[in-house]
Amino acid sequence: ESESEAKVDGETASDSESRAESAPLPVSADDTPEVLNRALSNLSSRWKNWWVRGILTLAMIAFFFIIIYLGPMVLMIIVMCVQIKCFHEIITIGYNVYHSYDLPWFRTLSWYFLLCVNYFFYGETVTDYFFTLVQREEPLRILSKYHRFISFTLYLIGFCMFVLSLVKKHYRLQFYMFGWTHVTLLIVVTQSHLVIHNLFEGMIWFIVPISCVICNDIMAYMFGFFFGRTPLIKLSPKKTWEGFIGGFFATVVFGLLLSYVMSGYRCFVCPVEYNNDTNSFTVDCEPSDLFRLQEYNIPGVIQSVIGWKTVRMYPFQIHSIALSTFASLIGPFGGFFASGFKRAFKIKDFANTIPGHGGIMDRFDCQYLMATFVNVYIASFIRGPNPSKLIQQFLTLRPDQQLHIFNTLRSHLIDKGMLTSATEDE
């Protein structure tokens, strides 16, 4: 009965999938800028690709430095733009591969759900990091108070719209694409939200992890290009063990050097906070012990080799080893996952936005995995209670609640011996 019902329903997801599997691998058009084509016309395709990738990589690195110079607000806008472009690339693949042209409201609902999820996550961020501003403005205070209810209501509207859009001959395919949209939201929007959270902990927690992934990508390519002989994984035939190992050691060294340079600047190590007096972001603070030079004893085995007994370094550099190790050993699996995804749907790249590199998602497949690790790492090993946030919340309480907390805190400090009984009498 179920088989006959599926036939009556017409085209199903499996029908579209079989068409996708039989479709030939599309040949990507040469989207290299004409000026580069003319300049590199005498080179073989291998070396031409090397130069194209190299030149455009340097251009992207220069752009990365520019947006860092422009400050945290611009960085957050860029993260939002990257998120939207990655979502567009993945949704477009589903739209094209599964021939979803006739699905009612498919694209409209996909973008609506993107809007809902962003409203939820960024609303949470605004409430958390702009607490005093939210409490000062009445409309924002109301939106903050009922934020989760509003977010859930918006999602329910989209859910009901999806149910009302169901068409008998497309049931299975519509549910398939509904799941496609939600998995895309989970991968793209959630991870970009974590990137923003890392940025608020201090720009160094944003720049160092991203730079380590970029360094590993470049150095793995360089080592693989010149020394690569042994294939690493079938999902990505061009990846080699030589590139993988060379990229690891180069990334660890790079992470140590970059961390040493950045740990000396307050603008990089201080948390990004909102200043209510100037209505702007500030990155000025007294650096924590994590970013102060300390002396460490070198193990005896290493002492005999280098002749040093101690070394002065920032504690953050030790954490950078964990970050660069993850970026070089685990981060590439995000790229392998993306390669498997592209092979499953017989596409070469997510898009052709960047000549020689593919789409934006092709450049950020490892970054999203890295963002999650950094956020978990900070929560597990770095972050402690934030006194300024506690004070902000304390000031929003009723006077009787404030007095109760004050008396409780005073009694606690007296018991600890931090306040004297004379102070209590006063």
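A Cβ is built for glycine as well, from the same backbone N, Cα and C atoms used for every other residue.
So that you can see what the record holds, here are the features copied from TrEMBL:
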REGION    1-30  region 'Disordered'
COMPBIAS  1-20  compositional bias 'Basic and acidic residues'
TRANSMEM  105-122  transmembrane segment
TRANSMEM  149-167  transmembrane segment
TRANSMEM  174-196  transmembrane segment
TRANSMEM  202-228  transmembrane segment
TRANSMEM  240-262  transmembrane segment
TRANSMEM  318-338  transmembrane segment
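Counting same-chain residues at least six beyond the ends of the transmembrane segment (149-167), those with a Cβ under 8 angstroms from any Cβ of the stretch are 103-105, 109, 112-113, 115-116, 119-120, 123, 143, 174, 178.
When Cβ distances are compared across the two stretches, the transmembrane segment (202-228) makes no contact with the transmembrane segment (105-122), since fewer than 3 pairs at least 6 residues apart fall below 8 angstroms.
For the transmembrane segment (174-196), same-chain residues at least 6 beyond its ends with a Cβ under 8 Å from one of its own Cβ atoms are 13, 76, 79-80, 82-83, 86-87, 90-91, 94, 98, 100, 103, 106, 109-110, 113-114, 117-118, 121-122, 125, 162, 165-167, 206, 367-369, 371-372, 374-375. Long-range contacts of the transmembrane segment (318-338) within the same chain, counting only residues at least 6 positions beyond its ends with a Cβ under 8 Å from a Cβ of the stretch, are 208-209, 212-213, 215-216, 220, 233, 235-236, 239, 244, 247-248, 251-252, 254-256, 258-259, 290, 350, 361-362, 365-370, 373-374, 377, 381-382.
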